[in-house]
Each structure stands twice: as C-alpha cells, then as structure tokens.
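J.: The structure is given below, and queries will be raised subsequently.
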Amino acid sequence: MSQLYDITIVGGGPVGLFAAFYAHLRQAKVQIIDSLPQLGGQPAILYPEKEILDVPGFPNLTGEELTNRLIEQLNGFDTPIHLNETVLEIDKQEEEFAITTSKGSHLTKTVIIAMGGGAFKPRPLELEGVEGYENIHYHVSNIQQYAGKKVTILGGGDSAVDWALAFEKIAPTTLVHRRDNFRALEHSVQALQESSVTIKTPFAPSQLLGNGKTLAKLEITKVKSDETETIDLDHLFVNYGFKSSVGNLKNWGLDLNRHKIIVNSKQESSQAGIYAIGDCCYYDGKIDLIATGLGEAPTAVNNAINYIDPEQKVQPKHSTSL
C-alpha cells in the first residue's frame, strides 16, 4: 500500500524544490514527483550557465548554481523524489487524493503543483536543411568551449539578449532580430546597445550556407525588403523561446485560464486541497518570475498545513525563531 504523504509536490524546478524545503520546516511529510530526468527544471537543463537575475541577494547566480543550492538545502531532510514520472490523474477521495502516474500511484493529503510551463522543447529554426547542421544549438551547456569562435544568436527576448551579453565577453558576437525593439529587461537592452555585440535589426534568417553538416554562413533578409546580408559564423544559437505542453493538466478537473491553474490568495485551486505555484498558476496581476514563485511557495505550504489540520496556524513562526 502506498504511503500517505501530507504534501505531494508536482514539479522539481526551483519553486518546487523550495516548497519541499519549506514544507519540511513545517514538519510535513513531503515528496516530489517530476516528469524530467533531473531536478532543477528549465534553469538546470536549458540554462545551467545563464545568470539568474531575479533571485535577491545572489548576483551572478547561474541556473546550475541555483539548482545545486536548492538541492543542498533540501539534502538535510528525507524527501522521496520520483523522476521521469508523469502525473496522469489526481482524484479526490474521502480524506486524501490519489495520484496516478506513469509509474504507479501515490496517496497524499494535499497537492502543490509547481510544474512551471509544463513539458518544454525549443521552438525550432525553420529553414531548409537545418536538421543536419551540428553547429546549430538551442541551449548552452559550456560557454567556454565557444571562446574565440564567431557566434551568431537569433532572437529578441531576454534569453537572446542575455546570451549575447555573455558571449560578448569571450567571442565575436552577432545578434539577429526580426524587429527593431527587443522584448527584454530595459537594463539588459541598454547594456546590449552599449556593448560590442553586432546588432542586426530588423532582419530574419533566410538561408543556411554550409556543407550540410557544418554551417559556415547565414544569409539574413531585411524585413519587408529584398535586402540581404551574409554573416560568417562558427556557431549559431537559436533563442526563439519554447513550446510548452501542460499534458494531462486539463484532465485534473481544475479551473484554468489559458492553460494555467486559477488560484486564490491562498494559492489554492478550484479544488480545495490542491494548490499551484510558480509559472503554472494564474491570478490577477501574476508575474512569471522565479522570485515570484519562491514567494508563493510558503503561502501554499502554510495553507496546505492549515487544510490538513485547521488548528495549525496559517501564519507560522519565522524561520529565525525556529
């Protein structure tokens, strides 16, 4: 028979990891279920060397460092972690929830969903022959291996701008965006404009020039024009964002707003006892940042504790007094 947990956290990214740690501070029996093969979510898998700018008090913190610190924080507690396990159904029983996964079943008194944007994969570059080129990349695992190489980046959001600024320190860097304006933090855009990065706007990639295995040049075409330019490069990085899939979320009987779980001020969903935090939840004024999700975690945990035992105060002691 499955053990009965106080709190089951669905998602092992930064927000889920911190929620598990905080749940232990409330002496809850907690476990984590994640469909990915490793903890840490997108920062660990896609951005291990990218600086995370919205965690207060930790300048120059990378995705890998953030993940390692959160795991280290959790290591002092007994936390069953189920990786490569996808949640299929969450069913309300008399006094608990039955969670059916791709590998089995779990019983829990409450659920905190911290699955971010769900399963994710990069939005691909759609040009003829793109699949065969080995020097077209969608994420960076070791930035130093590109030192001194000619790097071109496609995209206009935070990731594209941040990576351009990071690569500029070690390599000749070109950034190509189809619009004149960038969709990134104002401070980052200003830093980009003051940097040595070669900025090509408004241009879009139009042709790959190489031998089918190694890309040597990229042809770009000015938007609403026939004007073309050719960029010599050693590596091409595509930062067009990600396609996310919430998978079975729509089958869990929760009220949604555009594939996000609607929550109240307790971080509670339309089903009492099920909470949502981080990028997977929605409320008026919601901002999708790691810092926001980290703040939502204690709210969900404390209200879950109160749901389990109404005599437990929602407002706990401060950690400094524990």
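Just so it is clear, glycine is given a Cβ too, placed from its N, Cα and C backbone atoms.
Below are the features listed in Swiss-Prot for this protein:
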BINDING   Asp34, Gln42, Tyr47, Val87, Phe120, Asp279, Thr320  FAD binding site
J.: Let me know the DSSP-derived helix, strand or coil state of Val87 (FAD binding site), please.
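T.: DSSP call for Val87 (FAD binding site): strand.
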J.: Under 8 Å between C-beta atoms and at least six apart in sequence, can you list the same-chain neighbours of Gln42 (FAD binding site), or say none if there are none?
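T.: Residues satisfying the criterion: Gly13, Gly63, Gly116, Phe120, Phe242.
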J.: Taking DSSP as the reference, which of helix, strand or coil describes Tyr47 (FAD binding site)?
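T.: The three-state answer is coil.
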J.: Under a criterion of Cβ-Cβ distance under 8 Å and sequence separation of at least 6, what residues of the same chain contact Tyr47 (FAD binding site)?
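T.: Set apart from Tyr47 (FAD binding site) by at least 6 residues yet with Cβ under 8 Å, we have Thr62, Gly63, His139, Val140, Ser159.
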